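These notes are about the structure you will find just below.
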């Protein structure tokens, strides 16, 4: 998938995998300031940040090579589009409206109320679903047939019918997961052997360490959309838990601890003694 620095851009354009990506002009401080002023990125732009073509005017993007042959201009598509000199991103009107609406909601609602509105515990969702199913059962009526029949042959039990109603509970993501998903590249990795992986459907985030000896994943930290995590070395799960406040700092600390674990220590001591439990 693409990795555009604009928040939620990758998610909104997940069905457009061929977006052109442009590096921020890190070597031109003046132009970099203009990019920083336009883009809705709260942190300073960094060397490896990229912005996709959805945030530029089409006339600022060079998608073709042009050659004049015998007085005729021939156009050939570039393998990699480029920007014209001094091009600056454009934050679209619809994006501005979305940002303005979000700011308006945030000024009206307190953080606690906003979390309560966006997040329902699995137990609350289950109770709501059961209530809806029970209401649907109570509203059922039996139409009388036109022919006479013996009423003793009809046995309909509401209790039995309730048991036959399937209950499907869809658990919602933790409201802080989207923030971590969008800002995951702010996490400080222990070394260049570590990598970051994000599910396109925004269901999980994973950090893996690559072993140059075995050419396989040696360690990983997996975080699901409910902020439940597990740390593992090889096939052995070392620790499970739930992330708390300060997500970026918490993940950075977990990765640091996981990076310090030696494979030989895992075999000899076990996970509890290594992690200080």
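Backbone N, Cα and C atoms are what each Cβ position is placed from, and that goes for glycine too.
TrEMBL labels come from automatic prediction, so no person has curated them.
Values in this document were obtained by computation on a predicted structure and should not be read as measured data.
It is 83-128, from the ranges 83-128, 129-174, that TrEMBL records as region 'Disordered'.
Secondary structure of the domain 'THAP-type' (1-92), assigned with DSSP and counted as helix (H, G, I), strand (E, B) and coil, comes to 20 helix, 27 strand, 45 coil.
Model confidence over the domain 'THAP-type' (1-92) is summarised by a mean pLDDT of 88.
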